[in-house]
Amino acid sequence: MSSLLPISTTLSAFPSTTTQLAFKARTNQTQGFRVSCNHAQDEQNDNKIILPESQKLVLPNVDRRNLLVGLGSLYTAVNLPAAMAAPITSPDITSICKDANSGIGDIVGAVRTRKCCPPSLGKTIKPFVFPTETTVRKRWPAHAGTKKQVDDYRRAIQAMRDLPDDHPHSFVSQAKIHCAYCNGGYTQVDSGFPEIDIQIHNSWLFFPFHRWYLYFYERILGKLINEPSFALPFWKWDDPAGMPMPEMFVAETVDGQPNSLYDVYRDSRHLPPAIVDLDFDGKDKNIPDQQQRACNLATVYRDLVRNGGDTLSFFGGEYVAGDQPVANGAKSVGSVEAGSHTAVHRWVGDTNQPNNEDMGNFYSAGYDPVFYCHHANVDRTWKLWKDLGLPGHVEPTSPDWLNASYVFYDENQELVRVYNKDCVDIGKLKYTFLENSKEVFPWRKSRPARRSKTDQVASTGDVPTVDQLKFPVSLENILKVRVKRPAVNRSKEDKATANEILLVNGIKFDSDKFVKFDVFVNDKVKDGVFTTPCDPEYAGGFAQIPHNDMKKMSMSSAGRFGLTELLEDTNTEGEEYATVTLVPRVGCEDLTIGEISIKLIPLA
């Protein structure tokens, strides 16, 4: 067994004061009303607000969205509770935009601008219209592109670079899109909350926003070189052959000319033939390539199957109008976003730069062409996840997700509003991904091998249970705790209807730095046998790119980790308690955990 990541049993837990997000009135209004939401089974009643008996004479049951519209000034004056939720709505991005003010820890040393607002052409926002052409754009694996595909891609990016910076299709303007949506350029003003920023990471907006972003980026590039069938490459890091950074991005010049795909701000240690680490924690593991490939495949399997077993575990937690983008501890980050997605960002970013530019920080990531290639594969993981056809692998059905919207410049320089609901079927968007029809995805067969019972020892009783700790607890050192399970020895039928999920809630940490901790469950190996991310005891990692507001501030999030297969593979399905070990890797000096629990999550 590898001694890659030894775990000690040091326990550090100290009591602290729990802080909670309070509703903040923005006027002098001193009297309000309370509502609760009844989750009725029928679609007609799903959005009704059910009021306490004492209030029914004042305000009858009404549709919550109609009420939001009717409340007028009250809606904009008070941060209403979740029962009053509505979809996140991006404003007119050319008229209501501010300099990026979050996620950039070292403003003085920043190598990219914070002025991320798009140019204004004086146009009004139009509704999105699905493409009508018959041609389907076929995205291709970056490590196996034809000469024409690579040449066209370089030519298109160069054409984008040649445009004036203030052109909506320019390379700089396209890079700024990510900065504006991810680093505080827009607020929820169109939803009635002008003081609250929009943040498309760490929630169920992550996948659909980036899908739309690439959709327009791809079509703009194709129009610039007059290639109707132009398609983006994807960095196929879920395939051993595609795990190094694609070669076309590496050289500074090609045939004596500048390589439009080159970016100076990358970690020089991670250029080909280095194998990407999909569980990167800021430190190179220096393990053999064969082992790194195997660990990567196990990570992809974990992201798409084990930890992505239900809608919110894969997409991320609900995020609706009125929610603070980083301060709501109920939010959870999706399995791919927290896993392989964040690892690649950090692995590529230049650690010699003050903010880990370009890929290592959201405000600058769009300046590296690798970003779009990486996210094309992130987008592909959504399709792969859905195509598995497993119970629970369905998109959100809440109107708050379906009707969330963003505004982009399209390939014709028109402003269009797009909705999550319209990007679910990529066939309607006229693009797909080239796959080997005979291929069996290698990660699909990378479920960690079952732990040999001869390598295990009996459970010990000296580990405290969650009710013996006073939360929040520190993660400055390794935290080990026993958590009571809702059921044991579940049948196959039971497992087909509900996933057993480990919930780590109220994760609070300094948002001005990269943070990562790992989660192990029922790690009962003998002395001298060490557990690694390739092993069945590894539940997954929690990782975050900086999200600070130019000063040290606390950010809250949550993690969800699938246990159904893990318990089988660690021979612990029959145990009443699961032993959970949280291992700090980087940036956890001030991190605290608010709650640890295990629940059964019904599958759709």
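Each residue, glycine too, has its Cβ placed from N, Cα and C.
Of the listed cysteines (Cys116, Cys117), only Cys117 is recorded by TrEMBL as the disulfide partner of Cys97. Residue counts of the domain 'Tyrosinase copper-binding' (368-379) by helix, strand and coil are 11 helix, 0 strand, 1 coil (DSSP-based). Under 8 Å, Cβ to Cβ, and six or more positions away along its own chain, Cys97 (disulfide bond) finds Pro91, Cys116, Cys117, Pro118, Ala180, Gly185, Tyr186. Only residues 6 or more beyond the boundaries of the domain 'Tyrosinase copper-binding' (368-379), in the same chain, are considered here, and those with a CB under 8 A from a CB of the stretch are 139, 142, 157, 178, 207, 210-211, 213-214, 217, 232-238, 245-246, 249, 260-261, 263, 265-266, 336, 340-341, 344-345, 348, 358-359. Surrounding the centroid of the Cβ atoms of His341, His345, His375, where the record places Cu cation B, the chain contributes additional residues within 8 Å, namely Glu337, Ser340, Thr342, Val344, Ala365, Phe371, His374, Val378. Residue counts for the domain 'Tyrosinase copper-binding' (201-218) under DSSP, split into helix (H, G, I), strand (E, B) and coil, are 13 helix, 0 strand, 5 coil. Residue pair His341 (Cu cation B binding site) / His201 (Cu cation A binding site) shows a Cα separation of 11 Å. The Cu cation A site, placed at the center of the C-beta atoms of His178, His201, His210, has further neighbours from the same chain whose C-beta lies within 8 angstroms: Tyr181, Cys182, Ile200, Phe206, Phe209, Tyr213, Phe362, Ala365, His375. Close to Cys179 (disulfide bond) in the fold, though at least 6 residues off in sequence, lie Ala100, Arg112, Arg114, Cys116, Gly185, Phe362, Tyr363, Ser364, Gly366, each with a CB less than 8 Å from its CB.
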